[in-house]
């Protein structure tokens, strides 16, 4: 539990690097004497850097020992961060922001490590703690930045980010376990990169989970992008502070996710949990879309159910895909995250465009379609199906890999060894 919480803390305050600037772009523009449009490029560059890091750096977790790799990335980012605290050149600030975005991918290296360290029957609840830390970082980064910038100089949030990154390095150096390379014989980097795309189109489970991630990520960003447009106009006319407080709704979900994972996802097949999460999300979307234009209960219900659905489906997906190829977990995670990030970009673009065309109902209808399609994707392939379509292997929602209950026979070491040998032969070890 302590190690899970440590990884959750580290994920929180490393991913926060990407979001501090979003609440203070106007003040950044004033300080560097640039237009707001130009200042907003800082947020774009940081997100673009993160996307590049997902694709180019994360697969290396399958090659390098994770402890020195993760510690080195955090320390490198923290050292570069000093420039962001001090520079008076906007070009330098924007360029360093891009580089820091590339190296701020350590949470996506820690999640596959949790998949390696946690036993199968506790993997979902362990992942839930780290994913919750990740989500909390996205939330509190904007809140802390807004509060600090409102009462002090905006640079102080960057000094805070610098200090907390070095704190993460110290804590991880003391307690992070040393885990050997998953491929000590080495891998060809370019073949490894090609393997990421190959996995998406040769592993049905990964393709299914990635397509679902694309769809619920598009819904998530479409909602949060268009919400400010809805609430800042009639009949609500809310202030920026009031709109920002909607982000606090996510705290309830973040705190509940590990409990749900322990009680449900650890006991039932991940697909069951994903379908439950998407079902809750669909109900909330329908309610929020059709009453949100005139009743504030609509956006509130929608926020709660979107957060719940996305969080639970995300954890279930990760718990499922980390069983695909144990020696390629970082490449599997890279493929999954590229699909998820692409969904975020799509949701932002589609949501904004449809809101401009027909308002809240148009953008909400697109989100309903996204989640409806995600449910269809979940239902066309069962949890034990080896192929691309079908439900062979049974309909039971209970997991097959739980440890035997008290009094039940346990497999002998030889049986376990044979099972491991079969798995190694399947993945080509």
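Each residue, glycine too, has its Cβ placed from N, Cα and C.
In TrEMBL, annotation is done automatically, which means it is predicted and not curated.
Checked against TrEMBL, the range among 243-261, 300-318, 319-337 recorded as transmembrane segment is 243-261. Of the given residue ranges 268-291, 388-411, TrEMBL assigns the label transmembrane segment to 268-291. Tertiary proximity for the transmembrane segment (268-291) is limited to same-chain residues at least six positions away from its ends with a CB under 8 Å from its CB atoms, namely 124, 212, 216, 219, 297-299, 301-306, 308-313, 315-317, 319-320, 360-361, 364-365, 367-368, 371-372, 374-375, 378-379, 382-383, 396-399. Confidence in the domain 'Major facilitator superfamily (MFS) profile' (1-384), given as mean pLDDT, stands at 85.
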